[in-house]
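**Q** Before I ask anything, let me first share the structure, which is written out below as structure tokens.
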Amino acid sequence: AVCVSLLGAANIPPHPLNLINFMEMIRYTIPCEKTWGEYADYGCYCGAGGSGRPIDALDRCCYVHDNCYGDAEKKHKCNPKTQSYSYKLTKRTIICYGAAGTCARIVCDCDRTAALCFGDSEYIERHKNIDTARFCQ
């Protein structure tokens, strides 16, 4: 089956949106049959919180994203969950706009890296909704 992303085809111009940006980036990079929500409770790190060791490559994407947000908060005094930024989805990649070192660019780069990582990583069904108390120590 061929999946055509209308977002990519339309070449939507840059726009600031906050957390919705990250969801849109994820939708752009993941397989067509998946929804961004399927990544919200996956492994030890995809979703709220996180502990233990990532259980696979996809979970490692979330682990790296969590740490990226943590660095943005601690080192740069940014608020990643509410930070607006501008980006463009084009030609199967994501372009972040803004000056390097600004909160907008830092957060966009965190989200971009994670979304592209999601697109490159295998989604293993049995790692969704796992017992984190048992598997994430």
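Easy rule for this one: first residue shown is 1, then count along the chain.
Cβ atoms are placed via backbone N, Cα and C, with glycine included.
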**Q** Hey, Swiss-Prot has Ca(2+) bound by Tyr45, Gly47, Gly49. Any idea which of Asp66, Asp71 it lists too?
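**A** The one candidate that Swiss-Prot places in that Ca(2+) site: Asp66.
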**Q** Going by Swiss-Prot, tell me which one of Cys108, Cys110 is disulfide-bonded to Cys96.
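**A** Checking Swiss-Prot, the candidate bonded to Cys96 through a disulfide is Cys108.
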**Q** Need the cross-check against Swiss-Prot: the disulphide partner of Cys68, picked from Cys32, Cys110, Cys117.
**A** Cys110
**Q** With the Ca(2+) site defined by Tyr45, Gly47, Gly49, Asp66, which remaining residues of that chain have Cβ atoms positioned within 8 Å of the Cβ centroid?
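**A** Other same-chain residues near the Ca(2+) site: Cys44, Cys46, Ala48, Gly50, Cys62, Tyr63.
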**Q** Using a 10 Å cut-off between Cα atoms, which of these recorded positions sit near Cys68 (disulfide bond): Tyr45, Gly49, Cys78?
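**A** Those near Cys68 (disulfide bond) - Cα within 10 Å - do not exist; the answer is none.
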**Q** Under 8 Å between C-beta atoms and at least six apart in sequence, can you list the same-chain neighbours of Cys108 (disulfide bond), or say none if there are none?
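**A** Set apart from Cys108 (disulfide bond) by at least 6 residues yet with Cβ under 8 Å, we have Asn21, Tyr85, Ser86, Tyr87, Cys96, Tyr97, Gly98.
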**Q** Quick check on the binding-site residues Gly47, Gly49: which one has the highest count of other Cβ atoms within 10 Å of its Cβ?
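**A** Of Gly47, Gly49, the one with the most crowded Cβ is Gly47.
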